[in-house]
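**Student:** Annotated disulfide bond per Swiss-Prot: 23-29, 24-34, in sequence order, evidence recorded as a curator's inference. Per Swiss-Prot, glutamine amide is recorded for 35.
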């Protein structure tokens with residue numbers, strides 16, 4: 001993964017990690033970062 005996403009923009013890396021985790025739990029966002037997670 002590129003470590004960046006549209007939702008996170010250029011936020012701190014910890015924020016990006018949280019955003020990706022939240023994205024995993026979000027069915028609308030799921031798949032962008034969490035392919036195969038669900």
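Glycine too: its Cβ is placed from the backbone N, Cα and C atoms.
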**Student:** Including all protein chains shown, what's the count of other C-beta atoms within 10 A of the C-beta of residue 29 (disulfide bond)?
**Tutor:** 17
**Student:** Fewest other CB within 10 angstroms, which one of the disulfide-bonded residues 23, 24?
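**Tutor:** Counting other Cβ atoms within 10 Å of each of the disulfide-bonded residues 23, 24 gives the minimum at 24.
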